[in-house]
Structures are given as structure tokens and as C-alpha cells.
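Peer 1: Among the features that Swiss-Prot reports, coiled coil is placed at 5-102. According to Swiss-Prot, the feature compositional bias 'Basic and acidic residues' maps to 69-96, 257-273. According to Swiss-Prot, the feature compositional bias 'Polar residues' maps to 109-124, 133-143, 357-367. Per Swiss-Prot, compositional bias 'Low complexity' is recorded for 285-295. Marked as S-palmitoyl cysteine by Swiss-Prot: C377, C379. The S-farnesyl cysteine annotation in Swiss-Prot covers C380. Feature annotation from Swiss-Prot assigns N-acetylmethionine to M1; the stated evidence is similarity to another entry. Here Swiss-Prot flags S116, S122, S124, S161, S244 (among others) as phosphoserine. According to Swiss-Prot, the phosphothreonine annotation covers T141, T145, T153, T362, T363 (among others), on the basis of a large-scale study or a structure entry. The cysteine methyl ester annotation in Swiss-Prot covers C380. What Swiss-Prot records for 51-163, 242-295, 334-375 is region 'Disordered'.
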Amino acid sequence: MEVLATDTASQQERLQAIAEKRRKQAEIESKRRQLEDDRRQLQYLKSKALRERWLLEGTPSSASEGDEDMRKQMQEDEQKARGLEESITRLEKEIDVLEFGESAPAASKENSAAPSPGRPQSASPAKEEQKSETLVNAQQTPLGTPKENRTSTPVRSPGGSTMMKAAMYSVEITVEKDKVTGETRVLSSTTVLPRDPLPQGVKVYEDETKVVHAVDGIAENGIQPLSSSEVDELIHKADEVTLSEAGSTAGPAEPRGLAEDVTRTTPSRREITGVEAQPGEATSGPPGIQPGQEPPVTMVFMGYQNVEDEAETKKVLGLQDTIKAELVVIEDAATPREPAPLNGSAAELPATKEENQTGPTTTPSDTQDLDMKKPRCRCCSVM
């Protein structure tokens with residue numbers, strides 16, 4: 001009977017401990033959600049105050065009614081921001097007390113004070129128990145879960161010694177943040193090997209599986225801790241950027257290969273000198289051209305040259321089997337010849353009298369008058 005009573009009492013104590021632990025976890029989760037909401041609202045108020053201050057700096061010195069209202073609104077926002085900062089500090093302390101017990105504030109005070117060189121520091125039992133439980137949970141995390149900037153983080157073992165938790169990999173994410181709207185945009189994401197020693201940056205987030213450091217832009221943007229929801233959203237955006245980059249690099253590979261195949265299968269174009277294309281022809285082939293079909297070619301000639309194969313040229317130009325017309329002139333031997341024109345064109349011959357034609361003979365003066373009335377043709381001859 002005593003054994004049964006002891007078992008019943010131990011079981012009740014165990015159930016009470018489990019219920020108390022669940023209650024603490026639920027309270028911690030509630031306070032964490034409230035803490036994240038306060039941080040988000042504080043960030044919004046800071047961005048709003050920065051934008052309003054920038055607008056007020058651009059206005060002239062003469063204050064108007066709208067400027068006064070804006071300044072009053074800025075003062076109210078600053079008061080709200082101070083209240084949110086106090087609330088955030090209080091919630092963080094309450095969460096520390098719930099997680100590590102009543103000894104957490106005392107331990108933080110001891111850590112803030114200068115330690116004596118002769119006395120080694122020993123962690124409290126509640127903190128050691130919590131850290132050991134954190135280590136077990138970190139080891140049970142599946143390998144496929146997304147992580148970001150996971151670095152070597154010291155974890156205290158139950159014996160009080162510091163043990164390094166090895167990082168599996170590290171991710172470098174380049175982020176651009178809009179100061180007006182507060183929206184975060186991921187520019188690039190690169191997976192690298194975990195770096196040892198730790199990166200030269202400021203720690204802005206840490207939990208059982210992830211540690212986030214702000215490396216660049218600290219002087220411009222300031223140090224702002226991140227919440228778990230913001231870290232998860234950042235990891236999700238980084239995964240989307242990585243997938244989009246992989247798709248953009250793998251997409252154009254297939255059309256390039258098809259273009260190379262078409263180039264190989266297309267026969268070489270035959271060039272015929274002296275052929276002019278039609279005015280309606282295009283400089284490139286149609287978009288739906290099939291391999292093996294020769295697209296139209298447009299050629300523009302800025303001069304001429306002698307062709308070696310004259311027969312082929314006549315055949316192409318349609319001059320084969322044509323009749324050449326010759327000019328036959330019958331004249332008297334006494335008619336003076338005029339010099340040939342300089343441009344090589346055929347000279348205009350004066351009208352002569354045929355042998356069996358009857359009529360008055362022409363005098364030299366009449367011939368000169370005829371030449372003056374009828375000017376000589378100096379047009380160019382083609383072909």
C-alpha cells in the first residue's frame with residue numbers, strides 16, 4: 001500500500017510539473033507574440049518619424065498650420081515609441097524569468113559586474129538545465145529545415161563547461177530595406193561554408209537552430225533585432241530569389257542549342273554577283289522558316305566591276321539569244337567628220353542625201369544653221 005501511495009504521489013507531482021510547464025510555455029508564446037507586435041509597431045513609428053522629419057526639413061522656415069499638426073503628430077509618435085520601448089524591455093525580462101527561472105535577473109547582474117580573476121563563474125542549475133534541453137532540441141531538428149547564417153554558438157553543458165555547437169552551413173543574404181515603407185527586399189542569396197571565427201557583425205537574432213548577424217550597413221541603418229517571423233520571411237524570400245536565379249540561368253540553354261542545330265542544318269547561301277533583289281524582299285528570313293529553305297537575300301551595289309564569266313552574267317540578266325542592233329550610215333566622202341564626243345556616246349550625224357534622191361544640194365552655211373538649231377545629244381549610254 002505504501003508503494004502504491006508513493007507511486008500515486010509521484011505521478012501526481014509529475015502531472016503537475018507537466019501542466020506547469022505547459023502553462024509556462026503558453027505564457028511565453030503569448031508574450032513573444034506581443035513582443036513581436038510591439039517591435040513591428042515600433043519599427044513602423046520609427047520609419048514614419050524619419051519620413052516626417054525629412055518632409056519638415058524640406059519645407060521653408062515659415063511654419064504653417066499643416067507643419068504644426070505634423071510636429072504634434074511627431075511628438076505623439078515619439079511618446080508612443082518610448083512607451084513601446086519600455087514595454088519591449090519589460091516583456092523581454094518577463095520572458096527571461098519564465099524561461100530561466102527567478103535566478104535569471106541575478107545572473108544577468110552578476111554577468112554585468114566585473115568578475116574577479118581568482119573565482120571561476122558557475123552557471124545556475126536552472127540555466128544549466130535549460131541550456132542542456134536546448135542542446136537536445138537542436139540535435140533533434142531534422143536536416144531539411146531551412147536555416148540562415150547558422151554559426152558556431154557556445155552552449156553550456158550541465159557540467160558548466162562551454163561546448164561549441166558546429167554549424168552545418170551559412171547563408172549570406174543581401175537585403176535592401178525601404179526607409180519610407182519599411183519593406184525588405186532580398187537582392188541575392190549565396191550559400192557558403194560556415195566561417196570560423198564568427199563574422200565581424202552584430203548579432204540580431206538567435207534561437208536553437210539559427211543565428212543571424214548584421215555584417216554591413218550597421219552605421220547607416222542602425223542595430224535592430226529581428227523577430228522569428230521576420231527571419232522566417234527573410235528565409236522564404238531568399239529561397240524564392242535562389243529559385244528564380246536558377247530558373248533564369250537554366251532557361252535560355254535550350255533555345256541556344258536549337259539555334260545551333262538550325263545553323264548547322266541550314267545550307268550555305270549561294271552568292272551571285274550582279275543580281276539585284278526585289279524591293280519587297282526583307283533582309284532576313286521569315287520567323288517561321290524551316291531548315292533547308294533558303295531565305296531571301298537583299299544586296300545593295302555601290303559600283304560595278306568586270307565579270308569574268310560573261311556567259312553566266314548574260315544568262316542571269318536575260319541577255320542571252322538577243323539581237324544586237326547596229327547603226328549603218330551611208331554618207332558622201334566629201335562630208336566632214338565631226339570629232340567624237342568626250343563621254344563616249346554616239347555622235348549625232350548630219351542628214352545626208354542618198355544617191356538616188358533628187359533635190360537641191362545643201363550648202364555649208366545651211367549645215368551650220370542646222371547644227372545650231374539641233375543641239376548635240378550628250379546622254380550616257382548604259383551597257
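From the backbone N, Cα and C atoms, a Cβ is placed for every residue, glycine too.
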Peer 1: Compute the average pLDDT of the predicted model within the coiled coil (5-102).
Peer 2: 83
Peer 1: Count the other Cβ atoms sitting within 10 Å of the Cβ of S244 (phosphoserine), across every protein chain shown.
Peer 2: 10
